[in-house]
Structures are given as structure tokens and as C-alpha cells.
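Single-structure report; data block below.
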Amino acid sequence: MSYVLGVDLGTSAVKVSAVDREGNIVAQQSFDYDLSHPKPGYSEQNPEDWVSATTVSIVRLILKDGLKPEEIEGISFSGQMHGLVLLDDKNQVLRPAILWNDTRTTPQTKEIAEKMGQEFINVTRNVALEGFTLPKILWVKENEPEIFSQAKTFVLPKDYVRYRMTGQLAMEYSDAAGTVALDVANKTWSKEVQEAFDLDASFFPELIESIDLAGNISDSYALFSGLTTATKVFGGAADNAAGAIGSGILQPNMVMSSIGTSGVVLKYEDNSNVDYNGRLHFFNHAIPNKFYSMGVTLAAGHSLNWYKHTFAANDDFTEMVSSAAESTVGANGLIFTPYIVGERTPYADGDIRGSFLGVDDTHKKSDFVRSILEGIIFSFKDIFDIYDEVGADFDTVVSIGGGAKSPLWLQIQADIFNKKVVSLKNEQGPGMGAAMIAAVGLGWFDTVQDAAASFISFGKEYLPDPARAAQYETVHNIYKKAYAATAEISHELMNYRRSL
Ligand SMILES: Nc1ncnc2c1ncn2[C@@H]1O[C@H](COP(=O)(O)OP(=O)(O)O)[C@@H](O)[C@H]1O
Ligand SMILES: O=C(CO)[C@@H](O)[C@H](O)COP(=O)(O)O
């Protein structure tokens with residue numbers, strides 16, 4: 001037998017999946033690690049914890065699940081995006097990694113916008129948000145100059161783990177795009193960004209493709225992990241790019257709708273010609289010379305979980321979700337905006353907060369649940385509207401994440417999007433995408449598309465009902481007014497809370 005390992009390096013844990021040539025997951029191991037929040041808004045992790053957790057998972061696959069090291073032909077990665085790992089001239093880590101969900105960098109995002117304006121968006125194809133890597137680099141440069149003066153280069157989380165496995169330092173394009181220091185269309189580090197922020201070209205690491213061989217397992221890592229030096233290690237991808245591959249989002253007619261803790265709407269882009277002018281993220285895909293665009297709803301499943309913990313702690317989760325069927329399209333006139341931790345797309349506003357609008361003394365719990373399911377999908381529909389504005393054409397929405405477990409929620413998606421929605425038969429997410437990258441890198445398949453044809457099967461299709469779709473269009477048009485109508489109130493309430 002021969003296997004590949006897909007390493008899904010997440011924010012709270014790493015999950016390593018062993019996959020055979022037919023795409024079957026033969027074993028899985030995971031290991032948690034801590035997040036540290038040394039100050040409000042700070043979010044850091046120790047890169048050594050990623051290496052240890054990944055290694056423990058691999059050792060367990062070998063010792064507990066009986067995988068033979070010589071049968072593990074290749075390894076690749078899906079990585080949490082944007083986290084800054086600063087390295088000195090001996091590739092030693094200089095400070096804890098500053099993660100994607102760390103928001104200390106608001107002044108640096110403003111500095112970037114003021115200094116480069118539209119040119120920044122034209123080159124990097126993104127607006128510099130707090131979570132992205134360049135603002136983090138500038139934060140260290142301005143706030144920890146003694147550390148920055150020792151920094152020779154930087155990498156992203158999964159690139160660091162790959163370096164420790166192989167001894168070879170590199171960054172791959174799909175993650176490099178999330179630094180917002182890359183000229184995305186031309187696939188080179190941006191000279192404009194380097195000059196504007198006085199960053200040396202040598203600070204930026206070598207770039208490779210996701211399916212490129214980064215190196216073999218080194219002697220020292222073989223000793224540490226029990227793997228053999230024959231195992232090949234491939235570039236891997238940003239978690240969203242790997243998730244898109246693992247869900248088969250490989251053609252321009254397909255969009256992914258992911259309802260996890262946060263929500264993501266992601267579209268495969270065949271070339272870099274389409275211009276969202278920074279309203280959506282636009283990154284390089286894990287497939288050479290392809291791209292993807294995406295928008296994020298910060299609190300998707302999180303909104304539902306918040307409601308349950310706060311108002312329905314003793315209810316069964318699945319029954320609570322199913323109770324939404326007792327309500328109506330438009331939740332009997334109740335609208336929920338899911339901005340309970342701020343929002344990213346289409347409103348990049350950390351201080352906006354959620355609302356229930358139209359609360360009536362006849363509303364029942366089932367109406368509240370329904371309004372939450374609908375509000376999350378209205379927020380996704382706002383992202384779809386950006387696609388409509390540029391004339392993007394697609395007919396299939398692949399629904400993934402915990403939210404895709406609910407048939408009612410899948411149908412609500414079909415009706416609100418007014419598109420066909422499909423789920424996956426055996427959804428494995430980004431870890432499967434990582435395994436597919438290794439399988440293509442090894443030559444088991446010629447292309448990622450070929451790997452997908454063998455590894456991925458779609459499940460049930462949900463078609464929009466024309467009458468419900470028309471009703472939802474009416475309610476969504478009302479929902480769209482809620483952001484502007486509640487922004488000032490939200491901001492004032494946030495200021496009040498800060499004053500307490
Ligand atoms: N049976 C279900 N029906 C509908 N939604 C669900 C169900 N189970 C979980 N969820 C939602 O899915 C979310 C978790 O999805 P998941 O993809 O596991 O998230 P993540 O990996 O981002 O934490 C939860 O926040 C929850 O609201
Ligand atoms: O910031 C982004 C994308 O822009 C996130 O998608 C992180 O990459 C999330 O990592 P996990 O929550 O999946 O660990």
C-alpha cells in the first residue's frame with residue numbers, strides 16, 4: 001500500500017489524515033495547541049507547538065494506526081493563513097507567531113492605505129486588513145525594532161513546519177498572496193510594497209508552487225518522527241485554497257459556501273482579469289496560475305452557537321435547527337444581522353454589531369432560530385451580489401462545514417442564492433485538499449482536477465423553489481438596509497462599552 005499525509009494546520013489543532021490512492025482516509029490523528037492573548041486583540045502561538053503537535057500526530061499514525069513509514073510516500077499541508085513567523089540568520093524563531101486573528105495592527109493598515117492608496121489594491125489585489133501579514137511585519141518593525149533588526153526573513157505557519165521537516169525554506173503562492181506583499185497577477189514579490197515600506201528584497205523567501213517538491217524528510221526529522229528520508233514533502237496551500245480543492249471547487253462555474261464557526265464564500269477564478277477592487281479577497285490558487293476570490297462572514301455557525309448557549313442551552317442542537325421549519329420564509333418578519341463579532345465582507349467593520357429587527361410579541365423561538373439561519377445566508381448573499389455586479393457567472397454552490405449537515409439550511413441556501421446547492425458525500429475539508437496536493441506532486445495524478453475526480457463525490461442536490469426565491473429576494477432587499485441603519489448605533493454602543 002502507499003499513502004499520502006494531508007497535514008491540516010489549524011488555529012486550535014493540527015489534524016493529519018492518511019489517504020490511500022483511491023482517496024480513502026485510512027487513519028487520522030490530531031493534536032491541540034494553545035492560543036495566547038497577552039493583551040486584548042493580541043493572538044499568538046509558539047511555532048514549536050505546531051512542529052511538536054504535527055510530529056506527535058505522525059508518530060501516532062505510525063505506532064497506533066500501524067502505518068509503515070516506507071508506505072508514506074508524500075506529505076503536504078493546509079495551513080492557517082497570514083500568521084507571521086520571523087526568523088533570524090540561522091532560521092531561529094525570533095518571537096511568537098502573530099496570528100491571522102490578531103487585531104493589534106489597525107494603525108499599520110491605515111499607514112498602508114495612506115502611503116499606497118489604489119496602487120496597493122492594484123498590485124496585491126486586496127485591501128490591507130488587520131489579519132494580513134504585511135501589517136504585522138510593519139508592527140514589529142515599528143514596535144519591536146531590536147527584534148526586527150535581527151530578522152533575516154519570514155514564513156507562514158505551515159511553511160515553518162515544512163522547513164522543520166525538510167531543512168528547506170520556502171513559501172508557496174496561495175499563502176504568499178495572503179501576506180499582501182505579493183504582486184498576485186505576476187506571481188512575484190511586489191517591488192512597490194518593498195520600496196514603500198523600506199523592506200529589503202532579501203527579506204522575502206523563495207516562492208514555490210503548491211504541488212512543487214519542497215524537499216525530502218531530513219535526516220534529523222526522520223529520527224524525530226519515525227518517517228524515512230524517502231518521503232517527499234510538497235508545498236501545500238493556504239487553508240482556504242486547500243479547502244476549495246478538497247471540495248472540488250476547480251471550475252469557474254463553482255462557488256463554495258462554507259458554514260463553519262466563520263463563513264466563507266469562495267469562487268474559483270480562471271485568470272486574474274476580474275477586478276473586485278479589494279471588495280473581495282483575491283488570492284493565488286493552489287493550482288498553478290489559477291486564482292480564487294473570497295468573502296468572509298465572521299460569525300456564521302458562531303451566531304447559531306451563541307444563540308443556543310445563551311437562550312436554548314438545554315435544547316438538542318439538531319432539533320433546535322429543525323424547529324426553524326415551523327417558522328416561515330422571512331421568519332414571520334424577523335431579521336437577524338450576524339455581526340456579533342464585527343464583520344469582514346462586504347462591510348470591513350470591526351465595530352458593527354448584530355441586531356434582531358422587527359421583533360414582535362407573536363414571535364416564537366422557532367422564528368428566532370429561522371432568522372439566524374436566514375441572516376447568515378443573507379450575509380453570504382451580499383457576497384454573491386458583488387459577484388453579480390461584475391457579471392460573474394456560476395450555477396453550482398458546494399456547501400461545506402458544520403452548517404451543511406442540516407437539510408433545511410441547505411434548502412434555505414438554494415432558495416436565498418436562487419442557485420443549485422450540493423453537499424459533499426464524505427466531506428473532509430482542507431486536509432483532503434492537502435492530501436490531493438501531495439498525490440498530484442507525487443505524480444499519482446496529472447492534475448488536481450484528475451485527483452478530484454477520483455477523491456471527491458458530490459451528494460444530494462438542493463434546487464431553488466421559484467416562489468420562495470422571490471419571497472427571499474424581497475426580504476434580502478430589506479436586510480441590505482440593516483447595516484447602514486444600525487452602523488452608527490453599533491459604533492456608539494461599542495464606545496459606551498469601552499468607556500465602562
Ligand atoms: N447539525 C447541524 N446543523 C446545522 N448546523 C450545525 C450542525 N452541527 C454543527 N453546526 C454548525 O456548524 C458549525 C461548526 O462547523 P465546523 O465546520 O465544524 O466549524 P469550524 O471547523 O470552523 O469550527 C457550528 O458553529 C454550528 O453552528
Ligand atoms: O484568515 C483567514 C482567511 O483569510 C482564515 O481562514 C484563517 O486562515 C483561519 O484558520 P482556521 O480557523 O481554519 O484555523
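Any Cβ shown, glycine's included, is placed from N, Cα and C.
So that you can see what the record holds, here are the features copied from TrEMBL:
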ACT_SITE  ASP239  active site, proton acceptor
BINDING   MET81, HIS82  substrate binding site
DOMAIN    3-246  domain 'Carbohydrate kinase FGGY N-terminal'
DOMAIN    256-441  domain 'Carbohydrate kinase FGGY C-terminal'
Can you tell me how far the Cα of the residue listed as 'active site, proton acceptor' sits from the Cα of MET81 (substrate binding site), in Å? 7
ASP239 (active site, proton acceptor) - helix vs strand vs coil (DSSP): helix
Just jot down the residues in the same chain as HIS82 (substrate binding site), at least 6 apart in sequence, with C-beta under 8 A of its C-beta; none if empty. LEU99, TRP100, GLY131, PHE132, THR133, LYS136, LEU156, GLY178, THR179
Can you name the residues of this chain that are 6 or more positions from MET81 (substrate binding site) yet have a C-beta less than 8 Å from its C-beta? TRP100, LEU156, ASP175, GLY178, ALA238, ASP239, ASN240
Using all protein chains in view, find how many other C-beta atoms are within 10 Å of the C-beta of the residue listed as 'active site, proton acceptor'. 30
